[in-house]
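Working notes, beginning with the structure itself.
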């Protein structure tokens with residue numbers, strides 16, 4: 001992303017009115033092809049996550065904390081992918097590769113707020129699995145509807161700590177931004193590594209508890225309840241961490257764009273399929289909703 005639409009005012013201050021978005025190609029027929037592929041992917045993402053939300057709302061068997069968090073996560077996925085994809089579709093269809101300053105700030109605001117909330121919801125979901133497997137007798141008491149609602153509200157509230165300007169925009173400033181860059185780095189580290197630590201600790205305790213289950217069937221059932229969440233955690237954290245720790249190289253820009261597509265397009269698309277195909281309860285609810293037997 002580069003600066004464009006620059007104007008000079010009397011006190012020699014540079015005012016940026018828009019940015020140029022770096023795309024994958026300038027070949028028109030490839031842009032049209034990418035538009036249709038991205039549109040199809042976006043529609044499938046929206047429909048898949050809406051279906052998860054609908055099923056977990058109407059099916060009484062899915063009125064549990066696990067699916068309450070999944071419903072919130074699907075809502076976040078819809079908002080997350082919608083924060084960037086519609087603008088990308090417009091740019092591909094029109095051939096216009098610019099974005100206004102206000103549009104850039106608005107897109108960045110929703111992108112980082114929703115992404116940060118997703119990390120906390122994923123950590124909350126891992127804690128829910130920990131309580132369900134390691135403390136099953138007290139599960140309904142601990143994971144009450146009031147407590148689950150507080151966890152979701154808390155995830156949203158903490159995410160608003162990310163109201164500072166995101167690092168990609170900070171680096172475009174012409175003044176000293178070391179303090180803001182440090183603050184951004186600390187918040188990103190706290191968000192990603194902090195929530196990942198909660199997830200890892202929860203799964204270490206889950207594995208330790210499952211290994212004490214005497215029957216093989218019981219162990220398989222316990223692990224199956226975590227399989228979908230583990231896959232989503234791997235995709236979400238993997239792509240995000242890779243974007244921050246990848247080495248600087250000549251092909252870094254193309255690599256960043258590829259990983260960005262994975263994070264913004266592929267991950268939200270796969271999540272509904274992961275939860276529906278790997279979860280017997282969701283598959284049964286989907287069959288009942290569609291009238292399939």
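Residue positions begin at 1 at the first shown residue.
Backbone N, Cα and C atoms are what each Cβ position is placed from, and that goes for glycine too.
Remember, TrEMBL labels are computer predictions, not curated facts.
When TrEMBL is compared with the stretches 147-165, 166-184, 261-279, the one noted as transmembrane segment is 147-165. TrEMBL lists transmembrane segment at one of the ranges 6-26, 69-89, namely 69-89. Below 8 angstroms of C-beta separation, residues 66, 115, 118-119, 122, 125-126, 129, 132-133, 188, 192, 196, 199, 203, 206, 209-210, 213, 256, 259-260, 262-263, 266-267, 270-271, 274-275, 278-280 of the same chain, each at least six residues beyond the ends of the transmembrane segment (222-245), sit close to that stretch. Long-range contacts of the transmembrane segment (69-89) within the same chain, counting only residues at least 6 positions beyond its ends with a Cβ under 8 Å from a Cβ of the stretch, are 35, 38-39, 42, 45-46, 49-50, 52-53, 56-57, 99, 103, 107, 110-111, 114-115, 117-118, 121-122, 124-125, 128, 148, 151-152, 264-265, 268, 271-272, 275.
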